[in-house]
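As recorded in Swiss-Prot, the features of this protein are as follows:
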DOMAIN    429-543  domain 'Toprim'
BINDING   435, 508  Mg(2+) 1 binding site
SITE      460  site 'Interaction with DNA'
SITE      463  site 'Interaction with DNA'
BINDING   508, 510  Mg(2+) 2 binding site
């Protein structure tokens, strides 16, 4: 025991000040980049652009910039130009260096602190410019200010030379050019134009009257777009509803400021059954909602009920409409600008400032009440839509209760058609939704029974985009899926209760299979979106061809853009001597026996699966509505623009 204590004492003595590492300047950023930009993959790479653009947006919010330009240069570097006041170039008192140098070399240096520079700002609260500098092989900045052009260059965060004047000018603004460091971004340094363009368009919607341009100068990829929306978030709502039938033409728009907090709301009702509410705080998309959404939702419900009762559209003895009722078919965008936003939630995308509830509630209530009084015909349409939604909700509740009595939604009594797995480990378990009883039989026989469950579905499930809640709950196939997953439904939905963390859609490789897949994805997106956002949803990729020599299949060809090239290569490969390979075309899963289905599509060692993600919720919402909604013309236009007529199932 004494010897052990001596050993322990020796170990303790070895841990002294010499073992404490102090990272100077921006070394910490290069050592742990994920702490500052989230990741070093594609998302983190594009985050660099937003940090610089956010600084330019701050100038626009302060009223000093009207045009921002973003360039993807020919060498895949980025240039951001604005016509603001230009970053200060005079000496910063604390560092004794020019302010522009301090901004790019010192963490938490910028005009976002103390309230003296920017009243409202977005981004990472001042760390942005220096972080981008630290994670770039080269960064240079040009400041157009006081009639002079000031220039400074940096390499991997370090100053190359002092700030110098390189010319004269009669304009003001800042130009930042940087090249991401491949030592940091090992996965990719290639910028995705569509990712940048979508966010830039969103920023233009959120900042009324600000022009933002994006230009791609890369060889063979040249393109440019210019975004300017005088209607601001009102234009955003019109954009979101572009392919939908609206109840009234012009979106309701209101803006106001209280206690230094600015609130904007735009909203419009459509004939659909889905709600689309998007919220932002200081231009940051608050995916998880927050106090601004709380204030808006409460005001919307209260004002509509008050109007309905006062105008006797709802009788005094009738129940009030719920929030769910009044939001059916609603498209709304809420944007707040706060001098000191507090973000919470799992991904820090939930606004937490408690005072925002009452401010949003009050500002929106006053404007919405006024709108309803001034537009009685539109007001009646809004209330009547809520009443119809209420009736459907009550019918759905009755259907749910009847179903529960029959144990249809009780996990203790799983669907009879479900072939469950033996494991209780949700992290390992997989649920395959299989088209047809024939393929379902092969899948049940071929699966690994320990962790793979099979749920066969018959034919095409209900198109939930066109259905009311009571009809959805009355559909046996949909009920079976909810019950099997164990997540509950509607207000009771809880993704943490998912019995499987892989939900695999496995359909035939033909037009009908694609349609069933789309119907299932629509259901999941509309009513099980947390499962999608958690990354649990996959699409199986069964082979489309088998290359046979004699009776033996030598190679399977997976579906894809290059499937015909793959097939041609395989045929050449096995055309040796007298052997003549033949091609077996798999139109249906039922054409494969259980061993083949396991080997090609279900075996984790060999299979190919596509994970379904939602990178752009607004775009996803538009596409689902267009593909699965009532209007035929937008759907036909989309198919004509995007169809690839390489193979036809006739």
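Note: Cβ is positioned from N, Cα and C throughout, glycine not excepted.
Everything Swiss-Prot records as a feature, shown here on the structure.
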| residue | record | CB count, 10 Å |
| --- | --- | --- |
| 435 | Mg(2+) 1 binding site | 24 |
| 460 | site 'Interaction with DNA' | 14 |
| 463 | site 'Interaction with DNA' | 16 |
| 508 | Mg(2+) 1 binding site | 22 |
| 510 | Mg(2+) 2 binding site | 14 |
Cα separation, residue 435 (Mg(2+) 1 binding site) to residue 460 (site 'Interaction with DNA') (Å, whole number): 9
Alpha-carbon distance [residue 508 (Mg(2+) 1 binding site); residue 463 (site 'Interaction with DNA')] in Å: 19
The domain 'Toprim' (429-543) - residue tally per DSSP class, helix then strand then coil: 57 helix, 21 strand, 37 coil
Local confidence of the prediction over the domain 'Toprim' (429-543), expressed as mean pLDDT: 85
Rounded distance in angstrom between the Cα atoms of residue 510 (Mg(2+) 2 binding site) and residue 435 (Mg(2+) 1 binding site): 12
